[in-house]
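Heads up: the structure comes next, in structure tokens.
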Amino acid sequence: MEIRTAVSPRDIKAYTTERMREEFLIQDLLLPGKIKMVYSHVDRIIAGGARPAEPIALQAGKEIGADFFLQRREMGIVNIGPAGTVMVDGTEYRLEKSDGLYVSMGSKDLVFSSDDPKNPAKFYFNSCPAHAAFPTKKILKKDIKGNHLGSIQQSNERTIYKYIDPQAGAKSCQLVMGMTVLEPGNMWNSMPCHTHDRRMEVYFYFDLPENAVVFHLMGEPAETRHIVMRNEEAVISPSWSIHSGVGTASYTFIWGMCGENQNFDDMDHVPMAILK
Ligand SMILES: O=C(O)C(=O)C[C@H](O)C(=O)CO
Ligand SMILES: [Zn+2]
């Protein structure tokens, strides 16, 4: 498992493009036959991906310091590819594209598999520390009432689906997770932008056409930087950072948050006038 340390906003003022990418960008999440994980010291979130040709079991590495991966953690999983199954302590949860699964703290065995090994599922997941167990639950996108935001006039018409949230989908100890789908012809997410000092966030961009990119914007509001991102890449957003993006085509992304509270609306909105 790769470890990423926390970064001060004062330091990124001097970062090159390469250093920005080393610290925040997460690539190669969905390599066939592998589970890839990045452990961030920012609120100890783990972002990962599994693309199983054969069934693959999730292993706790030394980094976790526990007998098994979810001994003191919880996890949210969304399948963004062809159908597959996540087996949790012997119970099978079959996930089609866009189906999600919340996995309880204390679950011991977790195995990812695909319906068709030649066309494997694409499981993206976030995991964060937990101190209380909530039931494992399958979440269907069609059962979530989307929150429609933005407009074509502002190039930001999109729908937010909350998969793991105190008010929707599955309940959790601290993980909050969802999917935002841009309407065709819309490019911007999360603009006007915000920060939330109480939570960090990881964004995972997908459903981007080949050769399309998203300019992910981050940094303190008056000291922004960008990271050019391609399909199926993720980015770590510390709590002091804005997180917003503009694509050369419309796209979808999964956001996962953890930290002090779970209140989605507890954002510090950034007035457009102070952006630099
Ligand atoms: O498009 C959006 O706006 C979002 O998806 C917002 C993010 O989920 C977010 O930053 C929540 O804090
Ligand atoms: Zn946010």
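Counting begins at 1 with the first residue displayed.
For all residues, glycine too, the Cβ spot is worked out from N, Cα and C.
The secondary structure of H194 (Zn(2+) binding site), as reduced to three states from DSSP, is extended strand. All protein chains considered, the CB of H194 (Zn(2+) binding site) has 16 other CB atoms within 10 Å. Residues or ranges marked as Zn(2+) binding site in TrEMBL: H194, H196, E201, H243.
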By the count of other Cβ atoms within 10 Å, pick out the sparsest of the binding-site residues H196, H243.
H196
Count of other CB atoms lying within 10 Å of the CB belonging to E201 (Zn(2+) binding site):
25
For Zn(2+), what surrounds H194, H196, E201, H243 with a Cβ no more than 8 Å from their Cβ centroid?
S190, C193, T195, R199, S237, S239, S241, I242, M257, M267
